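A quick write-up on the structure given underneath.
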Amino acid sequence: MPPAGDDESPAATGDGYSKKVLQGRYELGRVLGQGASSKVYRARDARTGAHVAVKAIRKQQQPHHHPSCRSPEAAAAARRCVEVEREVAALRRVRGHPHVVALLDVLATRSTVYLVLELASGGSVLSALDSRGGGHYDEPAARRLFAQLASAVAHAHSLGVFHRDIKPENLLLDERGDLRLTDFGLSAFADADQHLGATDGLAATHCGSPAYVAPEILLKRRYDASKADVWSCGVVLFVLTAGYLPFNDGNLMAMYRKICAAKFRCPKWCSQELRSLIGRMLDPEPDTRIKIGEIFDHPWLQQDGSSSSFGMIQAASSHSKPEVEKWEAELEQAMELNAFDIIGFASGCDLSGLIGPLPDRVRFVLPGGDSKSVLDKVEKLGREEGLVVRRKEEEWCGGVHVEATSGKFTAYVRVNLLPKKILMIEAERVIGSEIPKFWHQLQIGNLLVRK
């Protein structure tokens, strides 16, 4: 492995990876990015061949001194240790969400901590914007990315994790262009007083990047970290759709004054719905600022930004396109069952065992069923429970995607019309640390209704 604290990239072989292996497992390759005390390498898991990212953070151990006599270097080293602890704790707590980068492993030497992370090979959103020559995303593309960001932030908040440094540099893209929220080193925890610095749920620590920081932080007030994250998300949304910062000035104090006054102007190409959402997020008063859970109900996010069969359902959900295609292929396989196979099953019969055991997934056959009634019932119950519901119907199939605003539950229900007016109904739970009432109803077949 590279020498502890070595600032140079490891010598790479012809395939781009180092001959030396980090702790017998990870072959380090080129540097993907670096900060004042850390570097991120592209790496390969020697055991599995999987490509990963390794974040190397120098600890720079300092001699022990009385806290009042610590040098600036020692204080910086102590801060880095706290940030590493926070990042690891936060990533472990929010693991499993499709739009949060996954922590795979943690390694350490006397001088360096290595975080092995899911590789997002598409680079950062900032790099993507720069590659457009200072351009911006159109609204459908921005809506897709922003929905993924909002889902990740809502998920983190529901688990008591507040990021506090949301900016394009910390938003990565995978090979499909889906977003991953990363770098939780400045995060705060709702249930840990030592992180919030208070016992009333209000943060006291002032952190984050100046252009993305909420006014209440600049004014050195105690603040609600969840509302500060919403402000940062609003700045990100502006940058995605405008291509530049809403508050920018060569003079830092002048920029701070603009932020505190919320003085900004959307470009002329922004729709009224987009202007409305940005305005709600960049509200200088935290008490009236839109909440993360309310964002999903805003008209701008409710628009269908895609012409594909499931459009926004695919764009904002946990399913990537390959997963959706696999799912549809499995349904096509199920449709190949002949009429004799199908008609022998009673109404509401669970086909999971016939097609193959799949975790968190149930399939039913309903002879003589009505697809609209099934979808109506799923949609009604989902909305009654406060879930975000999106529905799409075609001649021979229909589907409903439901998602909790907390990010703790995501599911699909899809109905396919088979020969002889038989319905094939499949429900799949993608994320499920919360189990809404309607999911229990689905499992026992209570939503399978006839005309």
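In case you wondered, yes, glycine gets a Cβ from its N, Cα and C as well.
Computed from a predicted structure; not experimentally measured.
Here's what Swiss-Prot has on this protein:
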ACT_SITE  ASP165  active site, proton acceptor
BINDING   LEU32, GLY33, GLN34, GLY35, ALA36, SER37, SER38, LYS39, VAL40, LYS55  ATP binding site
DOMAIN    26-301  domain 'Protein kinase'
DOMAIN    330-356  domain 'NAF'
REGION    183-216  region 'Activation loop'
REGION    361-389  region 'PPI'
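Here ASP165 (active site, proton acceptor) is positioned 18 angstrom away from VAL40 (ATP binding site), judged by their C-alpha atoms. A mean pLDDT of 40 is what the model gives for the domain 'NAF' (330-356).
For the pair GLN34 (ATP binding site) and ASP165 (active site, proton acceptor), the Cα-Cα distance reads 17 Å. Residues LEU32, GLY33, GLN34, GLY35, ALA36, SER37, SER38, LYS39, VAL40, LYS55 are the ones the record ties to ATP, and the longest Cα gap between any two of them is 14 Å. Comparing the binding-site residues LEU32, ALA36, VAL40 on other C-beta atoms within 10 angstroms of each C-beta gives the minimum for ALA36.
Neighbour count (other Cβ atoms within 10 Å of the Cβ, all protein chains): 19 for SER38 (ATP binding site). GLN34 (ATP binding site): 14 other CB atoms within 10 A of its CB, across all protein chains. Counting every protein chain shown, 19 other Cβ atoms lie within 10 Å of the Cβ of ASP165 (active site, proton acceptor).
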